[in-house]
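The block underneath contains the structure these notes are about, expressed in structure tokens.
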Amino acid sequence: MDKVATAAYVYGVVQGVGFRYSTQRQAAQLELSGYARNCDDGSVEVVASGEPHAVEMLIEWLKQGGPRSARVDKVLIEPHGKTDYKGFTIRY
């Protein structure tokens, strides 16, 4: 099956609560590649690449609130063109 890549922009209380690291662990369990990074507007950008079902599962996890320490108010999703990431990293 072909890989897909999706960018998710997660808004709410998502910085300073371990959100990127929890997302990295969840992505690794789903065998996804990509990255998570804090944005200047207080959101977190998550780019995930891999099997379509696994990407959907990560997006659903994000929408359900991610880690317990976070509060997710909304998640905006858009397609992302690049699929050839090596592992899932935290970007600064």
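Heads up, residue numbers simply count up from 1 along the chain you see.
Glycine is no exception: its Cβ is also placed from the backbone N, Cα and C atoms.
In sequence order, Ala36, Arg37, Asn38, Val44, Ile90 are the residues near Arg20 (active site), counting only same-chain partners six or more apart with C-beta under 8 A. Here Swiss-Prot flags Arg20 (among others) as active site, drawing on sequence analysis.
The annotation active site is assigned in Swiss-Prot to Asn38 (among others). Secondary structure at Asn38 (active site), taken from DSSP and collapsed to helix, strand or coil, is strand.
According to Swiss-Prot, the domain 'Acylphosphatase-like' annotation covers 5-92.
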**Request:** Taking the Cβ of Asn38 (active site) as the centre, count every other Cβ atom within 10 Å, in any protein chain shown.
**Result:** 17
**Fill in**
Checked against DSSP, the composition of the domain 'Acylphosphatase-like' (5-92) is 23 helix, 35 strand, 30 coil
**Per-residue pLDDT averaged over the domain 'Acylphosphatase-like' (5-92), given as an integer** = 97
